[in-house]
Amino acid sequence: MKTWQLIIFGVTVHLIFFYSIFDIYFTSPLVHGMTPYVSNQNPPAKRLVLFVTDGLRADKFFEPLENDKPTAPYLRSVIETEGVWGVSHTRVPTESRPGHVAIIAGFYEDVSAVAKGWKENPVEFDSVFNESRFTWSWGSPDILPMFAKGASGDHVFMDYYPSEHEDFAAADSSKLDTWVFDKVKKFLLEAAKDPALMEKLSKDKVVFFLHLLGLDTNGHSHKPYSQEYIRNIATVDDGIQEVVQLLEEFYHHDNRTAYIVTADHGMTDWGSHGAGHPSETLTPLVAWGAGIRKPRGQERNTQLYQDGFAEKWRLDNLQRSDVQQADLSPLMAALIGIPYPVNSVGVLPLEILDISLHDQAEAIFSNALQILAQFKVKMEQKRETTLSQTFRPFIELTEDKQVLHVRKIKNLIKEGQYEESIKESLNLMALAFQGLGYYQNYDRFLLGLSITAGFVGWGFYILTLILQDHVGVSYKRTFFDELNTPFLLSRKFIHGLAATVAMVIILLLHVQSLPWTYYLYCLVPVLLWVCVLESWPVYVTALQKLWSTNGSPIIGTMIFCFVVLEAVVAGFFYREIFSIGFAALGVWPLLAYKSRSTNQYVWLVTCLLLSIFPLLPVVGRKSNYNIVLLAGLTAFIIGCVINRTYLKNVKGAEIRYVQLSVLLAAIYNLWSVSSSIHRKEGLHGVNQALSWLILVTSAVFPLLGPTQVLPRLFSVTFAFFPVYLLLSLLQEGLFIVCFCVVLFSWIQLEKEIHIAKEKNLITADFSSPLSGERHLVAEDIRRSVFYIFFILVAFYSTGNIASINSFEPSAVYCFLTVFNPFVMGSLLMLKNILPLVLVACSFQTIQILTHIPTRALFMIVMIMSDIMALNFFFLVRDYGSWLEIGTSISHYVIVMCMNIFLMVLFGVSHILTNVQIKLFKS
């Protein structure tokens, strides 16, 4: 198989493995075809007002200011005199769309919506808005349309500002909230003069939804501990007070309006969200008005709270009522008497309600029936797609047991035993939730087994190719060898067995009407294992060769590599391990080799410097552009020295001077943008245009220079450094400077170890064909481990964290400040990729200097990265805290993306080092 064919095949296989995680852990939980159940036959409220303060943390809302005054005086008085307070617990991913879906629709959305930027509906769903008679909403264009689109009929009305208003560099983003409040005031004034609108507003089952985005935008821009964020809370508090007063006057104080204030997610101290840190998952809840109980003493708490929040927030004298975020959906439904959203998995929080015990029993029973309806549909779907002989029902809630539970609850309500019926309803819901989880994960073991077999099969297949092509263990089977082979080891038997297994798999999957992706997950391992098993003589020959020679260096190197890879896996959880790794790398040449050189000491010093970076805070918690500017000036000085000292008479001087000038322009532009942002003047058009010009032109510069190793490496480094500088916030710029020195020292060390004196870095040429390619040796495995290590530290040591959801917009302020998730995400992805490209180009250089076949190293790296991926596949979990669940999934996704990207990276590094564009003919 040719290299390009192997890359395509490898990318395809890994894309299949990567996508499997979505079918195993992220399949949509939604089912359709359920009968709606009315929540409350005697609703206490005619209308509901929902305020969602996007990005509001519970602690910043509840805790008093330094002067002991409340952050939100009006809502604090509501808590103490009129209503209920508590914490709403969100789940990962803590993003705006999933949070709003949980609040309004009652279920926790899976990540399939991320493919549409959390804006569109990957699966249609029911919601409180859909079940209402009329809903009026004001707020962000990123949130409102998805609920209007999902609603049946023409009863959900929305009014939102242009997306251009969502500017992270704005001096004060609280204007987004002021816009909403002003629109509501104007709406009520117009309604008083419009009889048709007034008639609609006088109906029952009406919802008003105010989406307040200012806090989220200010949190991203100025961080949650900033005065801008705190003042924005006060702005929201004043706005809510004014809207409540206007609504009460509009409805003549009829006491039929319920109010709920909450948030979709919180935010970290450094202004990001998406993961499962408590600062992201704990949001405030305040409820008051019709149907909501009055404040009660803390002795009435139904849960034991040991987090100390109530004492810290000086609310320990009042009853606290925490909820899961999805519980808010049935709460809103019960307040205004609409059917529970059919997809909701929320449990009605009875302790918040002020209704009779009979109504509580009926409401929670309807809630249980609504959850049970989803269980029934889920069970029936799984029964229809499973062979009747192999179907395993959820034993705790068979059809007979369902009937018994429902009958018992009805009898208890009829007999007036309301408290007992409430307990039974909660018990039925708990069983239904267990059953939903059971059927949701019904095929997980089968899929996990298939993917594991695929990973192992792919590893052995690559090992087979390495042994055949690059270790000299090839074994050509003749016709007579095939005749003398035992039947169970013959190709005919192996192919026949594989064909039989494949046919059985296809038949079983077809009969069960399972998705087409299941065919890929189950058949790809069969294909891989056929390729491995028919090459069994290669492994026999390899073992015989290892036994007859001194194989201890090979075995020792393999054990060393395995230990290092497992340590790297641990580094995902403890970044300090990367610091230990750098320190070990620093002393490695001094311990392993007797000869000494200046380069070894340069390597030691820079490795020790790099060992500091994994210990530093995560990038984004704060920014310091002075450090970034220092990194840029340091890189400029180093570039000038290299150009004057080592590349003085080498071709391509004009390109190098232009690149150094571009670096100066990037330094100036970064200084100008940071000053403008600091003065709250926003991003100027000239700075934005210059940033995009640097980004677009930088990638072309390396292709214009000569292909000799040193000048081309110089061009590649100084092509990407200006772009990286514009995307930097803190120490990552200095890291890249030190990292480039380490990579150059690594090249020199490998050159010394291989005794490649005939290869001069200036005369050696990337475009020259490799001569004298050799078989692999133990040192080559060690080089591959170094490559994997450098790839990972290039990601983690720059301050990144193991989360695919955390979002820090300030890194892209040189390019744009108006919210655009795909452009911002692409720029942040580019920032992570650039250091990896530098590692790949350095690895390409080492291949040339040491005569290692590119294909061989490529395959070794694939095996090693797959070993790590299999580790994380087994570490993925769907239990424990949401931080642990989200992190485990993020780790697997990051490693699988790295595996796929490594294959692409070989091609990118080849283009950057080998291709030359000649503008003028000689």
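Cβ atoms here come from the backbone N, Cα and C positions, even for glycine.
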Students should find that the transmembrane segment stretch in TrEMBL, chosen from 551-570, 811-830, is 551-570
Ask   = With an 8 Å cut-off on Cβ pairs and a sequence gap of 6 or more, do the transmembrane segment (6-26) and the transmembrane segment (889-912) reach 3 or more such pairs?
value = yes
**Asked** Under 8 Å, at least 3 Cβ pairs, sequence separation 6 or more: does that hold for the transmembrane segment (627-646) versus the transmembrane segment (856-877)?
**Response** no
Same-chain residues at least 6 beyond the ends of the transmembrane segment (601-620) with CB under 8 Å of its CB atoms are 270-272, 575-576, 578-583, 585-587, 589-590, 729-732, 735, 738-739, 741-742, 745-746, 749, 793, 796-801, 806, 808, 810-811
Across the domain 'GPI ethanolamine phosphate transferase 1 C-terminal' (434-881), the model's average pLDDT, rounded to a whole number, is 84
